[in-house]
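Novice: According to TrEMBL:
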type	residues	note
COMPBIAS	1-14	compositional bias 'Pro residues'
DOMAIN	88-224	domain 'C1q'
REGION	1-20	region 'Disordered'
Amino acid sequence: MPAPGRGPLGPPLSMPGRRGALREPADFGFSLGAALALLLLLLPACCPVRAQNDTEPIVLEGKCLVVCDSSPSGDGAVTSSLGISVRSGSAKVAFSATRSTNHEPSEMSNRTMTIYFDQVLVNIGNHFDLASSIFVAPRKGIYSFSFHVVKVYNRQTIQVSLMQNGYPVISAFAGDQDVTREAASNGVLLLMEREDKVHLKLERGNLMGGWKYSTFSGFLVFPL
């Protein structure tokens, strides 16, 4: 018979209520916690976290994701190797041009009826070419355009169209026969693809001797 307080093989038994009693459950709990922690560390490596769709950002609570491997693109955005696109300040686009003198049409302007401007007030991004008076979209997006074209003869009617890629989008008229100086004005929002072109064309009337103080302006509202 084993002695009181001793097991069959001799080591002492731990009794409830006594100091040092039953330490095995605590050791087991520690081992289980360590295993769970290791599993959580290995889980992202074997099962990468994905957003519900391509447009939703991935949010990691208490973490900050810093992308270092990135390169700028031609449209003013920065695209990283992770596929993250960040718009930079260089993506801002705006222009405003005016005529400081009356327009004496050249052979080219008589053939194309393009309304030319001779002074740039604003040209952020340099996407408005003064020589051709054509704006070229640097990227796909929604753009706002407006124009204000002045006529000088009181016996003529003018029609001015905003042309996108050679096709009229909107027009404006000035045809009061009793008014010497009158303006044809209009404005519009346009969906434009990259390298789409916009300019003003005189559809009706005469270019000779007019257009001083006329303006043509536009800007990128937001990219797409």
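Glycine residues also receive a Cβ, built from the backbone N, Cα and C atoms like all the rest.
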Novice: Averaged over the domain 'C1q' (88-224), what pLDDT does the predicted model reach?
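Specialist: Taking every residue in the domain 'C1q' (88-224) and averaging pLDDT yields 88.
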Novice: What is the three-state DSSP composition of the domain 'C1q' (88-224), stated as helix, strand and coil residue counts?
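Specialist: Per-class counts: 9 helix, 73 strand, 55 coil.
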